[in-house]
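As given in TrEMBL:
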type: BINDING; residues: 12-19, 37-41, 58-61, 118-121; note: GTP binding site
type: BINDING; residues: Asn23, Ser24, Thr26, Gly27; note: Mg(2+) binding site
type: DOMAIN; residues: 5-167; note: domain 'FeoB-type G'
type: TRANSMEM; residues: 292-314; note: transmembrane segment
type: TRANSMEM; residues: 342-371; note: transmembrane segment
type: TRANSMEM; residues: 391-413; note: transmembrane segment
type: TRANSMEM; residues: 425-451; note: transmembrane segment
type: TRANSMEM; residues: 457-478; note: transmembrane segment
type: TRANSMEM; residues: 516-535; note: transmembrane segment
type: TRANSMEM; residues: 732-753; note: transmembrane segment
type: TRANSMEM; residues: 765-785; note: transmembrane segment
Amino acid sequence: MGNTKVSIALAGNPNSGKTTIFNSVTGARQHVGNYPGVTVEKREGFRQFQNKELLVVDLPGTYSLTAHSLDELVARNFIVQDKPDVIVDILDAGNLERNLYLAVQLLELERPLVVALNMVDVAEGMGTKINEQVLSKKLDVPVIRTVGNRHTGVDDLLTAAVKVAEEKPRKPFVINYGDEVEGKIVEISTLLAEVQHNLRFPQRWLALKLLENDQDICNTVKQLPGGERILATVAAARQSLQAAFDTDPELAIANLRYQFVGALCQEVIISRHEGVLTTSDKIDRVLTNRLFGLPIFLGLMWLLFNFVFTVGAYPQDWIEQGVTAFGEFVGQSMPEGDLKSLIVDGIIGGVGGVIVFLPNIIILFLGIALLEDTGYMARAAFIMDRVMHAVGLHGKSFIPLLLGFGCSVPAIMGTRTLENPRDRLVTILVTPLMSCSARLPVYTLLIAAFFNEGVAGTVLFSIYVLGIFLAIVMARIFRSVLFTGEPEPFVMELPPYRIPTMQSILMHMWERSILYLKKAGTIILAVSILVWFMVNYPSDVDFSKDYQGLTAQAEAGFSQQVDEEIAKPLNIGAIEDNKDLETLIADLTAVDEEFAEQTEGLAEDSEELAALTAAKEVKLKELEATNPELYPMAARYLELKGEGDEQIEALEKEQAHEKLEKSYAGQLGKFIEPAIKPLGFDWRSGIGLIAAFTAKEVLVSTMGTIYNVGEADEGSVALQQALANDSSFTPLIAYSLMVFVLIYSPCLAALAIIKRESNSWKWPVFATVYTTALAWVMSFLVYQIGSLMGY
């Protein structure tokens with residue numbers, strides 16, 4: 001084969017280390033999308049190797065190629081329809097028998113195959129040694145030893161894959177299923193050969209799948225000319241096999257295939273120490289203990305959320321300063337007008353106000369990636385199985401719910417691992433109640449504005465726990481009312497604990513962070529512009545007062561007082577006429593500004609504040625000593641200026657408030673205010689909640705636009721101060737708002753995924769209605785009970 005491009009499909013069981021091999025092969029040259037027509041994630045990567053351009057596709061992790069789940073169907077169709085040049089099947093060496101079942105099915109598809117015997121270090125540590133030469137001879141394919149997280153054997157694996165891709169097709173791999181099954185295979189294969197069809201599946205494999213009652217294959221054959229006759233023959237053959245084996249034909253064939261695999265393992269496994277207590281077993285004795293497992297899990301979650309809040313604050317400040325500086329630079333470079341306001345207040349302020357929270361998102365995904373890659377995430381599902389079972393859900397449901405902490409979209413897609421349609425739909429409906437990362441900027445903003453650092457992590461943790469609690473309660477209600485029936489028993493593999501690789505962790509963080517930034521550049525940008533328009537128009541507002549005239553009066557009053565109390569006694573026309581006075585005023589101003597900067601955020605009774613106040617007094621005494629005659633005049637000037645500035649600022653705020661109230665956004669907010677007033681919210685919060693229907697983090701940029709109309713600084717510290725200084729906002733209202741944001745309607749992207757996964761508009765509409773109603777009830781209880789308690 002002279003082609004310089006080679007396509008490689010990576011197949012394997014879940015937890016076989018397939019994605020680790022994929023990351024090792026491709027590095028950062030990856031693309032994540034979806035397979036056509038379905039929501040299964042498609043991961044592709046590229047690599048230059050031996051003068052070849054490798055296209056590597058990471059297929060969904062599956063245990064077999066029987067189309068019981070969407071993942072299995074997608075993997076099978078890609079292998080047959082897209083025809084990759086070679087398939088690399090990643091086997092977990094520590095679970096060889098189970099992993100070989102998929103390898104045998106791939107061989108039966110008659111596609112070029114290379115086997116990677118992965119995690120051999122872990123297997124040998126457990127006392128299992130495998131003779132890969134014998135295994136290679138028995139399967140008639142190359143078998144390569146690999147340790148993916150150490151990059152061991154990866155180049156050898158690629159060398160073998162390229163070689164197999166360039167070789168001529170090998171003879172078909174055949175398992176002898178015994179006379180009863182083989183006779184039926186021949187009978188059905190003969191009928192298929194008589195029918196003119198363009199199916200790309202091997203004839204023998206098609207016959208096997210028909211006998212296994214594979215619904216996808218049955219539906220495909222039914223469409224062929226003579227398809228009904230073939231299916232009738234298949235039905236008769238299945239009845240015959242049912243009588244011969246006294247069990248379902250698909251189970252009989254699976255057992256025969258496992259017998260072949262079992263016999264093969266007997267030949268290739270050199271030593272196996274049964275009953276050896278591994279390191280993972282020892283760790284599990286503590287982490288999955290009936291008494292300690294749940295408290296340890298909750299403790300880890302509490303530590304993660306505290307870590308997100310405390311550590312994320314430092315880079316958050318740096319980004320915020322950069323966004324503010326950029327906004328000021330652009331503002332100074334543009335003339336006054338609507339275009340400047342749109343770019344500085346709407347776009348830079350709106351998008352920048354959300355980008356500020358990127359460090360918190362990265363740290364959250366770092367924590368989730370560590371839990372997944374170490375193997376603890378599967379233990380979390382096992383630990384929570386009792387709780388899940390009590391509400392009628394499968395223990396596996398907890399994994400999508402945990403993924404919901406990151407983003408509801410992949411979490412809802414993750415429900416495909418649930419075989420029971422009822423479990424799957426209930427999990428889809430309650431997953432949005434888990435607090436996704438898009439809500440984190442809202443929590444961070446409100447917690448920083450209204451709660452001190454000592455309780456910040458606990459407040460955040462309580463919101464996440466409330467989401468879990470409500471998801472459990474609603475799942476129980478749905479299972480009892482809408483989706484009755486017995487839950488499936490819990491059967492799930494607990495992979496061995498592994499030390500995660502830095503590359504894998506960084507890849508997780510990079511992928512999710514890029515998705516967050518893309519959202520900031522698309523949805524949030526569009527909503528920021530829309531909100532800016534609604535806040536700033538109509539522009540010809542009929543104000544209740546002559547604010548321009550009142551401002552001019554205040555400025556004139558200040559000038560008159562300065563003239564009478566300072567200029568006339570010194571016999572000068574203006575402050576600038578006395579250079580000593582002008583210098584002294586500048587020095588006093590610098591002392592005040594330095595003091596304000598140093599004391600920002602300090603408690604009134606702190607020792608640091610007292611020390612800084614004393615130091616300020618010393619500086620003021622020194623300045624007074626330099627010119628005792630002019631010092632009282634300079635101090636009085638600053639006092640008058642402060643009073644004048646305060647009066648003008650109050651007028652500007654009053655005018656901005658009235659303009660906002662009469663804008664399109666204000667009118668919309670006033671319209672819904674009666675419905676949200678019992679929750680403690682006013683019309684401004686209502687505007688934010690409406691905008692956040694698109695994406696929850698939009699609430700931050702919306703509130704920034706509302707509270708900073710006409711200002712360049714849209715950074716979160718300015719918004720935190722604006723909220724904290726708003727007399728209509730209290731810690732209780734802030735907590736009520738966080739509860740509402742936690743629960744109410746899934747974002748537009750999540751609603752779209754619910755529609756695609758459920759194949760109906762009924763369920764996204766239902767999810768919107770029930771979550772919003774539940775949010776109203778919970779926020780009402782929080783605010784009303786809190787008010788009665790005096791908060």
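If you go along the chain as it appears here, the first residue is 1 and each next one adds 1.
Note that Cβ sites are derived from N, Cα and C of the backbone, with glycine treated the same way.
Highest Cβ contact count with the transmembrane segment (292-314) among the listed stretches 425-451, 457-478, 732-753, 765-785 falls to 457-478 (criterion: pairs under 8 Å). When the C-alpha distances from Lys18 (GTP binding site) to the binding-site residues Ser24, Thr26, Gly27 are tabulated, the minimum falls on Ser24.
As a whole-number mean, the pLDDT of the domain 'FeoB-type G' (5-167) in this prediction is 83. Put simply, Gly12 (GTP binding site) is 17 Å from Thr26 (Mg(2+) binding site) when counted between their Cα atoms.
Of the recorded ranges 425-451, 457-478, 765-785, the transmembrane segment (732-753) has the largest number of C-beta contacts under 8 angstroms with 765-785. Mapped onto three states, the DSSP output places Lys18 (GTP binding site) in helix.
Considering only the binding-site residues Asn23, Ser24, Gly27, the residue whose Cα is spatially closest to the Cα of Pro60 (GTP binding site) is Asn23. Fewest Cβ neighbours within 10 Å among the binding-site residues Asn15, Asn23: that distinction goes to Asn15. In this structure, the binding-site residues Ser24, Thr26 were compared by how many other Cβ atoms lie within 10 Å of their Cβ, and the smallest count belongs to Thr26.
Listed as Cβ neighbours of the transmembrane segment (765-785) (distance under 8 Å, sequence separation of 6 or more from its ends, same chain) are residues 429, 432-433, 466, 470, 474, 675, 678-680, 732-733, 735-737, 739-740, 742-746, 751, 754. Separation of the C-alpha atoms of Asn23 (Mg(2+) binding site) and Asn15 (GTP binding site): 14 Å, rounded to the nearest whole number. With every protein chain in view, the residue among the binding-site residues Gly12, Lys18, Gly27, Pro60, Met119 whose Cβ has the most Cβ partners within 10 Å turns out to be Gly12. Separation of the C-alpha atoms of Ser24 (Mg(2+) binding site) and Gly12 (GTP binding site): 16 Å, rounded to the nearest whole number.
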